[in-house]
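*Asks:* The structure's right below; bear with me while I get my questions together.
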Amino acid sequence: MENTIITTAAAAAAIPMWQALSLTCILTWVFVASSLNLTQRIRSMVQPWVARRVAADVPLILRIQRLNHGLLDNLFSALSCVVSVSFYTGFLPLLFWSGHCKLGRQMTILMAFCDYVGNAIKDLVSAPRPSCPPVRRITYTKDEKENSLEYGLPSSHALNTVCLSGYMLHYILTCTRESNSTIFTVAFAIVVSLVLLTGLARIYLGMHSLIDVLAGVIIGLSILGFWLVVHGHIDDFVVSGQNVTSFWASLSLLLLFAYPKPEFPTPSFEYHAAFDGVAFGIISGVQQTYLQFHNEAVPRIFSEQMPLPVFIGRVIVGIPAILIVKFCSKALSKWMLPVVCNTLGIPIRSSCYLPALKVSDDDKKKSDCKQSGYLQKMFSFISPQESYDVDTGIRFLQYAGLAWSVVDLVPSLFSYLRL
């Protein structure tokens, strides 16, 4: 009995107070926001004003679109792809494999933060995009067609460009041994030009109004300023903190429940769930293998230890490997999660991944008559729903597995192949 008490006390002491306090605050916020229906209250105050501003910006959008030219269509469409979440998601593995591990994990966490804040505000406000027609909406790629299904304010492209290019500028200037005003001026001008072109592109393509872009830039600058203050503490926690994996798993779960419910379903929550999984996979993998593959002494690209052919070999080996892991983790999650949820008595449904779990009206009535288990009551306390979409968990685990392979499995392959 005494040994049990000592073990329990030691386990409690191993959990830092700030971790318990932060998770408790998020859980309290979820309960309070749900009880007071804060999402609807905030939306009713903000949405009408934003909708009026979007409608007032239509003449400006039409004037910009009078520049109609195929070259501009292709240029701005390509620019939107370059600064999209999909591009950065493909770019992040290259940072880790090229030896810039600190930049890779910082960009990953920052992107997850930006993605959550931007998409949460979109669905909280649920403001419309510019009406089409009269605005001409140009969506050449699949990503752009899916983006057009989201709400408007703020512009995620503008927000992400400000944060990620701004942090990249900070990283480059920090790594430069000698301060050079010319380098700073040129780099700063490039970042500002990229932000301005991105904002112009979103308006020209008919995806956003001026108020959406301005909101994205302002929110992006606020996040960037906050991140430059805390990024060092966060990185120290990821590489050498206590309870890193368990804390981040708990945080990821609570953030899924803390996400505001939109007026109508959009892909925004799916994007958040996916990148939430990416951040968790990167953090858990780095925390386990930091001393082996991700410390500051690892070889970097263009050095004697990692010439360009070696890096190209890493890319050739790494990309197929992470795609295989993504496929396998998705298949495993589709099989495992429904079994676990049914065993624990958690009611689930599926919107697309598992057709057998799509819920009809009759099934809903039957599920209402079933007695709730203890775990179902606990989830209902956090977020009262009749059932939970298992696709969210599948998507989270799928991308967590992909991200883990980027920083753990694939570097192990590199070590085995002497790359």
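Yeah, the Cβs are placed from backbone N, Cα and C, and that goes for glycine too.
Nobody curates TrEMBL annotations by hand; they come from automatic prediction.
Given the structure is predicted, the values throughout are model-derived calculations rather than measurements.
Below are the features I grabbed from TrEMBL:
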TRANSMEM  75-97  transmembrane segment
DOMAIN    104-228  domain 'Phosphatidic acid phosphatase type 2/haloperoxidase'
TRANSMEM  183-204  transmembrane segment
TRANSMEM  210-230  transmembrane segment
TRANSMEM  237-259  transmembrane segment
TRANSMEM  308-328  transmembrane segment
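Just tell me what is around each of these and how deep it sits.
*Replies:* Here the transmembrane segment (75-97) has long-range neighbours at 103-105, 107-108, 111, 115, 138, 140-141, 143-144, 147, 156-157, 160-161, 164, 194, 197-198, 200-202, 204-205, 207, 271, 275, 278, 282, 294, 311, 314-315, 318-319, 322, 406-407, 410-411, 414, meaning same-chain residues at least 6 beyond its ends whose C-beta is under 8 angstroms from one of its own.
Sequence-distant contacts of the transmembrane segment (210-230) (same chain, six or more residues past either end, CB-CB distance under 8 Å): 50, 53-54, 57, 60-61, 110, 113-114, 117-118, 121, 127, 129, 152-163, 166-167, 170, 195, 199, 202-203.
Long-range neighbours of the transmembrane segment (308-328) within the same chain, counting only residues 6 or more positions beyond its ends whose Cβ lies under 8 Å from a Cβ of the stretch, are 93-94, 97-98, 301-302, 398-399, 401-402, 404-406, 409-410, 413-414, 417, 419.
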*Asks:* Which residue counts does DSSP yield for the domain 'Phosphatidic acid phosphatase type 2/haloperoxidase' (104-228) in the helix, strand and coil classes, in that order?
*Replies:* 91 helix, 0 strand, 34 coil
